[in-house]
Amino acid sequence: SCYREAQLFVEKFEGALGKGKGKKFYAYKVMMTKKWMKFQRDFENFKTACIPWEMKIKEIESHFGSSVASYFIFLRWMYGINMILFGLTFGLVMVPEALMGKPYGSLPRKTVPRAEEATAMNFATLWDFSGFAQYSVLFYGYYNNQRTIGWLKFRMPLSYFLVGVGTIGYSFMIVIRTMARNANEEGGGDDTSFNFSWKMFTSWDYLIGNPETADNKFASITTSFKEAIVEEQESRKEENIHLTRFLRVLANFLALCTLAGSGYLIFFVVRRSQKFALEGLENYGWWERNEVNMVMSLLGMFCPTLFDVISSLENYHPRIALRWQLGRIFALFLGNLYTFIIALMDEINLKARYLLPFIIFNMQLGKDEDFQQLEEEKIVKYNMTIWEASLYNGTIPENSTAPPIQVDPADVPRGPCWETMVGQEFVRLTVSDTMTTYITILIGDFLRAVFVRFFNYCWCWDLEYGFPSYSEFDISGNVLGLIFNQGMIWMGSFYAPCLPAINVFRLHTSMYLQCWAVMCCNVPQERVFKASRSNNFYMAMLLFILFLSTLPAVYTIVSIPPSFDCGPFSGKTRMFEVISETLEHDFPSWFGKVFGYASNPGLILPFILLMVLSIYYLNATSKSYKEANLELKKKLQSVRNR
């Protein structure tokens, strides 16, 4: 065996041991191997540098811990999702309509009414997404109901419907896939054996040559020690169980009171807004017109701070406290969002802006003032018929071959377009929420930090360690703000195709603004903790809000008739009829029959039941595998310790 090992050694290093060409070839091979290794290392660094904002997130993680970094990783992931949604809506809906559809001014739905032309380009009107912004590709009502447009015969109604459904389906798929990948990466648990020894002797990277990178690595190791110390302290902590239970019950009671007060305030404001709508919004100022949006934004700004104060009574582990905080803010935002949706549905049913004279007339006759949409559209259609008759001196010509009267589209009366109204409300809410977030960062973080920094030397007490001190980064509020903003995008993009583009801009600017604010204006938390499984917890909440966001959109697609004179589905009793229309005109008859059989509830319900049983089986199997892995890990540790 010694002879064989010596022979292998000679064969391996024959060039170095010999002379002449063999030695030169060996030196060349060694040089190329080193260069190849260096190239691989540089290429890995290049790939890391190509990941958007990777170095910024690493720098934040080194100073503020993995919990704060998990928020920015989540924000970057959300940015990627919205880029895909923006590509779908922009490439398959907005661009085809702008290039191949009928131009502005050709139809009443594509023209600003004559009464609004004077103010259509005012900044206040455009900021409110009315005027020319309302009658553009930004909103649902601008799109025509022609089956095909342009020389490509592009099927716009079908594309609009499939893009709306496809964005929801893609979002479900990518969220579930990401949750599964995170679960696989987490494995069977953390190995905390000899944790401090491993961190002490194996944390440093000896290939670091950049002083700035070395400083970040030093800060990262220090932060990881703080996280490990907090975990060890929490595992050994002893507490008065009765006092702790009392304080936690008190904290939950205060949180419920806050949620109830928030719900009542929104209910009160929504009732006021409906009253303003009945009396005419043009008679009120800016605050009355935007009261619902502003109150929701202010509640989202101040209630998380109040919940943070309440959570100090509970004395939970920082990770558990974060989840309780997220749950409370989740309940707050969810109540706000669904109250907002109910208000929109109520406003759609009232249609007070268009039908106030008819409501007053029917109230005088003793009739119910809540009209159904079909009856309202009949009234509008009747008024349009009277208007058309007035063009012919009070009579409608019986001869259909008579030349039509040319009327400017701006003068043609039009019915209510509730889809555009819903889209406008979601866009306004998104913009107001974005502005509130930016103002909060500038005032609550930047100006506060400037005040503490420059007035600390001439104040009566230490401003840095007393009140107001430097602010900490609010993980729970920012995460829930991202999630519910994305819920509004999913819910409103069917009525406002511009929403994904607005959200991409918001997320892009938020990444830079919040990274700057964290590094310049915030200080690390007093108890830095490890963000174990935080990303999957964020994904679970995102999946839940995605499910809740699809319910109103599905309800309107299936149950509410579309507006009769605006949007790609005008003229149909339900929006989904565009599918049956396409199957009837563009596919063979047998394909339509197969699709009809496949969409039968008698087949769909058993298929859904089979999917639920399969998911339950796979979940139970994965849990058993995880338990087996943990048991095997314990056995290996016991064998190692013998």
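Any Cβ shown, glycine's included, is placed from N, Cα and C.
The range from 158-176, 443-461 that TrEMBL describes as transmembrane segment is residues 158-176. Panel annotation: around the transmembrane segment (537-558), residues 70, 74, 164, 168, 171-172, 175-176, 178-179, 182, 323, 326, 330, 334, 337-338, 341, 479-480, 483-484, 486-488, 490-491, 494, 574-576 of the same chain, lying at least six beyond its termini, place a Cβ under 8 Å from a Cβ of the stretch.
Through the fold, the transmembrane segment (158-176) approaches residues 81, 84-85, 88-89, 92-93, 96, 143, 147, 490, 493-494, 500, 539, 542-543, 546, 550, 553, 557, 568-569, 575-576, 578-579, 582 of its own chain, all at least 6 residues removed from its boundaries and within a Cβ separation under 8 Å. Secondary structure of the domain 'TMC' (417-532) per DSSP, as helix, strand and coil residue counts: 82 helix, 4 strand, 30 coil. Beyond the ends of the transmembrane segment (77-99), by six or more residues, the same chain brings 52, 137, 142-144, 149-150, 154, 156, 159-160, 163, 166-167, 170-171, 174, 178, 482, 486, 489, 493, 497-498, 500-501, 503-504, 507-508, 511 to within a C-beta distance below 8 angstroms of the stretch.
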